[in-house]
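Undergrad: Below is the structure I would like to discuss, written out as structure tokens.
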Amino acid sequence: NGLIVYLLLFICNVYDILCLSLSLSFSLRLSAAILDDPMECSRGERLAITLAKESINRSSNRSTTGKLEVDIFELLRDSEYETGETMCQIMSKGVVAVLGPSASPASNSIISNICGEKEVPYVKVAPEDILKVQFPRFTTLDLRPTNTDVSLAVAGLLTFFNSTTSCLICAQANCLLNLEVLLRQFLISKETLSVRMLDDSQDPTPLLKEIRDDKTATIIVDANATMSHIILERVRRSYMRSTFRFREFSLLRLDDVADQRVNIVGFSVFNKTHPFFQDFLLSLNRSWQENCDHAPFAGTPLSSALLFDAVHTVVAAVQELNRSQNVGATQLSCKSSKIWEHGTSLMNYLRMVELEGLTGHIEFNSRGQRSNYALRIMQNSRDGLRQIGQWHSEQGLSMERKLPSLNVTDTLFNTTLIITTILENPYVMLKSNYQDLQGNDRYEGFCVDMLKELADILKFKYRIKLVSDGVYGVSGANGTWTGMVGELIARKADLAVAGLTITAEREKVIDFSKPFMTLGISIMYRVHLGRRPGYFSFLDPFSPGVWLFMLLAYLAVSCVLFLVARLTPYEWYNPHPCLKGRCSLLINQYSLGNSFWFPVGGFMQQGSTIAPRALSTRCVSGVWWAFTLIIISSYTANLAAFLTVQRMEVPIESVDDLADQTAIEYGTMHGGSTMTFFQNSRYQTYQRMWNFMHSKQPSVFVKSTEEGIARVLNSNYAYLLESTMNEYYRQRNCNLTQIGGLLDTKGYGIGMPLGSVYRDEFDLAILKLQEENRLEILKRKWWDGGKCPKEEDHRAKGLGMENIGGIFVVLVCGLLVAIFMAVLEFVWMLRQTPGTELSVCEEMLRELQGIVLCRDSLQLRRRRGGSSALRPRPLALEERRQRATAASLSNGKLCTGSGLPEPLPHRLAQEAALAARGCSHIRICPECRRFQGLRVRPAGPPGASPTHSEDSMEWEKTTNSSEPE
């Protein structure tokens, strides 16, 4: 069911002071004083007195010799001195009663005091005094219903309708005192009764909207007739279907402030069955049309009707009193203590008056207050006004029928709504064959499908029409709105269904449903692709500078390692530990070549056969290994991204970059919410962007999204638009991309006229679609299906030769360099050997032949000038033993017992004889467990016996030799 709002409106007198005196020709004289507010352009009180005089003079019950005359005096607002002077003038003429409405407490008090001192009856038609008089004057009568009675009537209705939350709008400063009884019964709190102040000059629209948003069930308004009419008029413009309650229901013309969809319930004291009621109402309306350019409010002020009844009440009492005594007016002076002798008697007769007036039954209690009257409870309907109950001052509330709740869904049933929209992909689009179609069938898109879903839920019909000016809506300098927002304000459409952004400025003039899509402002720019991954993409993880510093680091470490290894004594060691001090030769494994090779093995994480011995060399090695660990890990982490991702090179990466440059132009759609966002933003960056866009010539604003995208693709231009539309167009054009994140967060909603009763129903329907995931299904239907892959797709893809082909190039180049170096070494060795029998080419061809035929890897050392290709004769066991006795452990260098090397040519002469297949010259040292090779020391003179036994043979370590022989 729709939200039911009960609004009780107090129609108060628009004039501050109204004092009347009447004069009756020949026998009685009554005077009148009245205050007119020139700003209101109203003479209702004057006309009421004139109509009362004419009706009394035409009465057949009056004597033909008697005639009622009226004297009218005007008083200024809150002028105590002038009020006193005027009252003294009235008393000096001689009066029998004073009538007057007055909303001024000071003037009211002076009139009441003067009449009380002179015992002249004072019939008051003004609202009840705020300040209660402890001992009220006996001469004062209150013709208007008291504030206590009004509060009790309102409380009874609130209780009957079981109103949980209420709001009191105070348009007058004294409203809290006027409704004291109501406030005592319903304590002021946010949950029960809240109070909101409203100035007479203030527009009630924002306040009404705020109250409606708070889901307040009951609204009580204490305002004068003018403000009451303004509130009703705003309610009609806001398209609210609410239930209103008025105290003076019949005094308002409802044809221009409400329609059949507005449910109104109110109070009325008017007696429409009075024979003079229709003439009275028509006469007042005719008087306004003749004397005023505009009516101050629709209907009749209550004070005019009360004055009409006051004249008849005083005349009726005088007539009854005149039957028993001759009533005559007496001239009184404010300076004397003389009183009117008939005043007390007339007051007694006034308290006994009972008659039917324009405001219903007139009767007074002993305190001079109106009693035994009823406030009729009226309801507006399609058939007109009907009474649904009444509140009686003695019997309380009695309802004839319960107020029916307004079912909005039933009202929407079979109702045709006008839908305004705008062509915008993919929300609303024309079908390809739209020329052959009619009506709603011409359109398709996300919003069209959503509208069909909503129509199925709420059971309404709709007709789609495009907005005339083709814009969403922007406020003009004079406060008018364009686009779809303007059509909603002008009531040309019931709903605006499109990508309409919910903004604070628009919320002031129209209503929005709950957002059906959440988004934000984004930046669209064209794609600037960098170079595709090439053959040498494996070098991309590091910049050229890093590679250069890595090379320098390698050279530095190699040099430092060579230097440190030469300086430290712990890297110099005895290569023949088995000699146990018999060899004084020390070697260092970190030659210049090894020093450069050791870092390469560590960098490639393959290691080497060289192990540091000293603490200093180990320190250099550890630091280098840590360095290579970080470098290799960083390289591996970045290699995949550089080989698989085609990077985009853009000159801007965020909105700040865009704002800090002027080479790239940027703009938004003219008249859209994005333009309004930058225009009203107080963020410094966005203010600079707005100043740039606003002052740029030619204009950077576009009329449509398609125009903005074309400008992005064809020029150096960035387009600011909603992220959902950015996503849609990026799916269909791979040359577009989004820069940075979202600039804000907002939502799309369905626009409605301000105060639309449909809002709650559409809110529930949208929530239902969201809970059932139907909106997400529609979004996928219209957003997916583009030809561009999703940017968030990170599935593994195979690498092609264009990604890693460069490493094959490096491998081939390395192999070619190795072959080239082998050839150089081969040629160099041949050049260094004296005496040659074969040319270099012949030697190389022989080696190639051996490679092709897969010959053995074992061969004799080449000898120039001899049969270098012949294998030596294998030695017999006895001969090997004889030669072994003279062998010496040399580790690449021959040594004597004293550690001095033997002549090298003699050692080389023995080498060929030891190259037999049997490997009988190899053993494992029992002490160091290393391979050792037997080298024969030159024997003594022929026939000499060996000087050493087999146990004293000297072996040399051959597997760790680092020095060339």
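Including glycine, each Cβ sits where the backbone N, Cα and C put it.
Curation does not apply to TrEMBL; its annotations are automatic.
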Undergrad: In TrEMBL, the L-glutamate site includes T501, R506, S673, T674. Which of E453, E707, E722 does it also list there?
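TA: Answer per TrEMBL: E722.
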Undergrad: The disulfide recorded in TrEMBL for C788 goes to which of C734, C841, C854?
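TA: Out of the candidates C734, C841, C854, the one TrEMBL links to C788 is C734.
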Undergrad: Among all the protein chains here, how many other CB atoms are within 10 A of the CB of T501 (L-glutamate binding site)?
TA: 23
Undergrad: Taking the recorded L-glutamate site as T501, R506, S673, T674, E722, identify the other residues of that chain whose CB atom sits within 8 Å of the mean position of the site's CB atoms, giving them in sequence order.
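TA: Checked against the 8 Å cutoff, the neighbours are Y472, L500, I502, T503, G672, T676, F677, K746.
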Undergrad: Return only the integer: C-alpha distance in Å from T674 (L-glutamate binding site) to I652 (site 'Crucial to convey clamshell closure to channel opening').
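TA: That separation, Cα to Cα, works out to 20 Å.
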Undergrad: Compare the Cα of I652 (site 'Crucial to convey clamshell closure to channel opening') against each of the binding-site residues T501, R506, S673, E722 and report the nearest.
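TA: Minimum Cα distance from I652 (site 'Crucial to convey clamshell closure to channel opening') across T501, R506, S673, E722 lands on E722.
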Undergrad: Going along the chain, which residues six or more apart from E722 (L-glutamate binding site) have their CB under 8 A from its CB?
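TA: In sequence order, the residues whose Cβ lies under 8 Å from that of E722 (L-glutamate binding site) (at least 6 apart) are G499, T501, L519, G520, I521, S522, T674.
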Undergrad: What are the DSSP helix, strand and coil residue counts for the domain 'Ionotropic glutamate receptor L-glutamate and glycine-binding' (426-490)?
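TA: Its residues fall into 27 helix, 13 strand, 25 coil.
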Undergrad: Just to confirm: which same-chain residues, 6+ apart in sequence, have a Cβ under 8 Å from the Cβ of R506 (L-glutamate binding site)?
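TA: Sequence-distant Cβ neighbours: G473, V485, L500, F512, S673, G751.
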Undergrad: Would you count the other CB atoms within 10 A of the CB of T674 (L-glutamate binding site), including those on all shown protein chains?
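TA: Looking across every protein chain shown, the total is 23.
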Undergrad: Just to be sure I understand the packing, how many Cβ atoms besides its own are within 10 Å of the Cβ of S673 (L-glutamate binding site)?
TA: 22
Undergrad: Record lists T501, R506, S673, T674, E722 as binding L-glutamate; longest Cα-Cα distance in Å?
TA: 17
